[in-house]
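Chemist: To start, I am sharing the structure in question, which I have written as structure tokens.
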Amino acid sequence: MSLLFFFANRFEHPAGGYRKLFETCEELSETIPATVTGRIPSFLKGSLLRLGPGLFEVGDEPFYHLFDGQALMHKFDFKNGQVTYFRKFIRTDAYVRAITEKRVVITEFGTFAYPDPCKNIFSRFFTYFQGVEVTDNCLVNVYPIGEDYYAVTETNYITKVNTDTLETLKKVDMCSYVNINGVTAHPHIERDGTVYNIGNCMGKGASLAYNIVRIPPTQKDKSDPIDKSKVVVQFPSYQRFKPSYVHSFGMTDNYFVFVETPVKINLLKFLSAWSIRGCNYMDCFESNESQGTLFHIAKKNPGEYIDLKFKGAPIGMFHHINAFEDQGFIVVDLCAWKGANWDEVKKAAMLAPQPEDKWTKSDEWLLSDLLLFFGFVAFEFPQINYKRYGGKNYTYAYALGLNHFIPDRICKLNVKTKETWVWQEPDSYPSEPLFVQTPDAVDEDDGVLLTIVAAPGAQRPAYLLILNAKDLSEVARAEVECTIPVTFHGMYKP
């Protein structure tokens with residue numbers, strides 16, 4: 001996820017209506033029917049689940065970063081060729097306490113939670129030294145563990161949800177099960193349901209490291225698979241107290257791939273400066289471009305770190321597209337940009353949260369350095385036919401096209417020939433496209449793409465769009481009479 005795409009700079013963007021993606025909305029008390037144009041494929045009989053921010057201010061206090069808006073879960077249900085829409089806020093501690101106290105209570109990525117003004121100076125002082133209260137605002141993604149589903153962010157907390165009613169069921173602290181400080185929102189899930197994820201931890205010699213965690217599939221005795229979570233392998237950290245920020249990782253049939261970028265989390269600042277000077281998560285990030293980018297690999301089964309690092313030029317990156325083995329080599333495809341100057345990233349990002357702001361030419365510094373396939377359009381939020389080609393040699397990737405960091409098209413890329421396809425309509429802002437394979441698929445791209453499109457100027461301001469994955473032609477759309485804010489990631493649940 002390119003940090004910079006979302007944040008308003010000051011350049012007149014041709015897509016002025018994008019600001020509607022960043023407005024607070026209300027949850028729904030019941031499902032609403034969608035107006036369908038075209039024909040919904042008969043094999044779509046489940047639900048499209050999406051996560052993103054839905055509350056951008058509380059009381060008189062704004063959230064200063066898009067990653068801080070409170071988690072809103074969206075659901076489009078498919079049944080007998082018809083579509084319904086529903087959404088509900090996840091009842092995290094961060095959300096419930098914010099609503100109850102009408103203020104930001106827990107510090108988020110770019111928003112510091114100030115002490116309760118009703119407390120006296122002595123209460124505030126002791127509150128500071130009770131330790132960092134980590135957010136459970138699970139607005140990034142949702143995925144299955146065993147027979148359950150969890151809404152997640154990038155901390156140690158994951159939240160169990162009922163994907164039928166969108167009710168919040170349970171908050172789970174992964175620190176209670178494995179040595180981990182937090183886990184990513186982008187696990188790898190094998191065909192049998194085994195989940196692999198990565199996060200930083202305290203390693204050997206009181207030094208930071210990165211653990212790969214394995215959660216087994218559904219248990220025959222119906223016990224919770226999380227209870228059997230275990231660390232399978234550990235990667236060392238280049239700097240002892242400054243682990244790299246990790247948003248995703250790669251996995252092939254036989255190897256894990258960890259890309260250690262120069263974007264760092266200053267742990268000492270995180271533990272001390274936060275409570276003393278009032279920092280947020282983003283204040284604890286910095287860059288060390290002299291490190292370059294380190295590519296680590298480990299054997300998957302049994303887990304064994306291979307002490308052989310490959311060094312490349314400094315890059316910033318969030319999402320892996322895919323990784324696979326090819327004639328003794330490991331091929332790793334990433335969405336990345338050259339350089340990793342965190343001060344510049346932060347400068348641009350902190351121009352949020354006013355989506356009505358516009359960009360200046362001085363904020364286009366990153367454009368020429370992004371991994372580009374479409375001129376000035378970045379290829380981000382990548383998806384593939386993961387069910388059949390995750391970790392294997394593949395041909396097609398699908399993604400959002402970010403025009404000056406604004407999502408205004410869906411793109412398809414042949415990674416071998418670089419041939420491209422694009423879907424785009426005026427004043428329309430899609431979300432990450434999710435691939436759903438047809439039941440009788442022969443070719444890799446036999447399937448459809450599901451994306452939520454915001455169309456602020458239309459009579460019905462949002463719709464679910466279904467595209468033919470072959471050529472990005474429209475199959476159907478299901479329009480709703482309400483706005484839908486930006487969403488990050490999600491899944492199709494059959």
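Any Cβ shown, glycine's included, is placed from N, Cα and C.
TrEMBL annotations: computationally assigned, not manually curated.
OK, TrEMBL features for this one:
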type: BINDING; residues: His186, His247, His319, His489; note: Fe cation binding site
Chemist: Might you list, by sequence position, any residue in that chain lying six or more from His186 (Fe cation binding site) with a Cβ less than 8 Å away from its Cβ?
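Modeler: Long-range Cβ contacts: Asn141, Asn197, His247, Ser248, Phe249, His319, His320, His489.
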Chemist: Let me know how many other Cβ atoms fall within 10 Å of the Cβ of His489 (Fe cation binding site).
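Modeler: So the number of other Cβ atoms within 10 Å of His489 (Fe cation binding site) is 23.
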Chemist: I'd like the number of other C-beta atoms within 10 A of the C-beta of His247 (Fe cation binding site), please.
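Modeler: Total other Cβ atoms inside 10 Å, all chains included: 19.
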Chemist: How many other Cβ atoms are found within 10 Å of the Cβ atom of His319 (Fe cation binding site), counting all protein chains shown?
Modeler: 21
